[in-house]
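Working notes, beginning with the structure itself.
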């Protein structure tokens, strides 16, 4: 049983954050309404978003009373996805392919300063709402009611065993299928380029395509269920997964999952010393150099890359960190295009959050019920942008589709939902579910709610139910 207790510290910092944010947003709105928007104003807003990000991290750390948490990881990656290029502009770092210098898509003009500003301001509004939603839940903290030591220990032991057994069972199916999927993707990408995955007739069995959704939960389950006794197996599988996806041209999924694993290692297994952290940072830096080259492979195909280009990937003056942050921060471009097209072109789909929630259990059932659901990234790419490769999508953009400028209120509600899914309770089940939920939520930030809701139901909820069933079975065995 859980008891709810009120946190004055969390309330104070939440109210302070709200007041500062509202004053800031209103001041920006009044200032810009009296000024012509140019790139200088965009740069000023970029500096403000960077300072605001650090203030948000500070607020989260004070509300949760810890410096490094899954929530701070969520805020960091969400910031990089939406404001990555603005972070570079804050320090005067500009590149030839940044926003405002080149067209986002070949058949559309280069976005104006006003378009960039509007998308940036709306994204900042959404970011504030999401952080506020998280803080609202943290104000009311839950505390487990006292149990007898023996009952609690037995419950945790059974949960640990159940998590491990379910992860092994799923892993025997999911791991081979995931690597088979990656090899198919890798073969196509190396031969014809990453874009050929969308331009050509390349297709994949749905069962194989969906297998990867369960891969990270299996890794987390192996670690938590074995209390890190299977750390070499789990880390080896993830390292192979990460390297192969890098070779295939994938730039996002492995990154935030890696950070989550680092967090878990530091909290649940062993504190990471500064020496190990610096060593890890050095290795990561080399990896980022490699990613810069992989981006070229993804676009052109390995057969079209010369030896000189391979060498230049390691000698280029531009920092690989800059390239990586810029590459991650392209999601703002989706928001620019969605706001340029306007909500009207998406009105036929109604409220996508409702259709996504209903479709999350079964697409076939949703179709039979007449629920009109759509993959927004596909619709944007094929119907509006008239391109054949997938652009992905942006969770903030979906909020605009559903509510216009008032759509940021949805992010407040989602912030509360995310805070409930990603919490700091120390139970074995929570040690498993929170990292998995965090990875799913982060995948949703560069997609839309349809995929996110589907994974929350068909992956997270499904595996939790399996764990509970196995736990109850084990309990009955020892009780008889």
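Even glycines carry a Cβ here, placed using N, Cα and C.
Curation does not apply to TrEMBL; its annotations are automatic.
Note that this is a predicted model, so its numbers are computed, not measured.
Annotated transmembrane segment per TrEMBL: 12-31 (among others), in sequence order.
Listed by sequence, the residues of this chain that lie at least six past the ends of the transmembrane segment (37-55) yet keep a Cβ under 8 A from its Cβ atoms are 17, 20-21, 24, 28, 75, 79, 83, 86-87, 89-90, 100, 113-114, 116-117, 120-121, 124, 127-128. Annotation source TrEMBL lists transmembrane segment at 37-55 (among others).
When Cβ-Cβ distances below 8 Å are used as the criterion, the transmembrane segment (67-91) is approached by residues 43, 45-47, 49-50, 53, 56-57, 60-61, 98-99, 120, 123-124, 127, 130-131, 134, 255-256, 259-260, 263, 266-267, 322, 325-332, 335, 394, 396, 418-419, 422, 424, 434-435, 438, 441-442, 445-446 of the same chain, each at least six residues removed from its ends. Look at TrEMBL and you will find 67-91 (among others) tagged as transmembrane segment.
As annotated by TrEMBL, transmembrane segment applies to 116-141 (among others). Counting only same-chain residues 6+ beyond the ends of the transmembrane segment (116-141), those with a CB under 8 A from a CB of the stretch are 4-7, 10-11, 13-14, 17-18, 21, 25, 28-29, 32, 37, 41-42, 45-46, 48-49, 52-53, 56, 59-60, 63-64, 71, 75, 78-79, 82-83, 86, 99-100, 332, 335-336, 339, 396, 399-400, 405, 407-420.
Annotated transmembrane segment per TrEMBL: 162-183 (among others), in sequence order. Outside the transmembrane segment (162-183) by six or more residues, the chain places 204, 207-209, 211-212, 214-215, 217-218, 220-222, 224-226, 237, 240-241, 244-245, 248, 428-429, 432, 463, 466-468, 470-471, 474 with a CB less than 8 A from a CB of the stretch.
Annotation source TrEMBL lists transmembrane segment at 231-248 (among others).
Residues or ranges marked as transmembrane segment by TrEMBL: 277-297 (among others).
Feature annotation from TrEMBL assigns transmembrane segment to 328-346 (among others).
Taken from TrEMBL, the feature transmembrane segment covers 400-422 (among others). With a cut-off of 8 Å between Cβ atoms, the residues of this chain six or more beyond the transmembrane segment (400-422) that come close are 70-71, 74, 122, 125-138, 335, 338-339, 343, 346, 349, 351-353, 376, 433-434, 437-438, 441, 456, 460.
Annotated transmembrane segment per TrEMBL: 452-470 (among others), in sequence order. Distant neighbours of the transmembrane segment (452-470): 159, 161-163, 165-166, 170, 213-214, 217, 221, 356-357, 359-361, 395, 421, 429, 432-433, 436-437, 440-441, 443-444; these residues of the same chain sit at least 6 beyond its ends, with a Cβ under 8 Å from one of its Cβ atoms.
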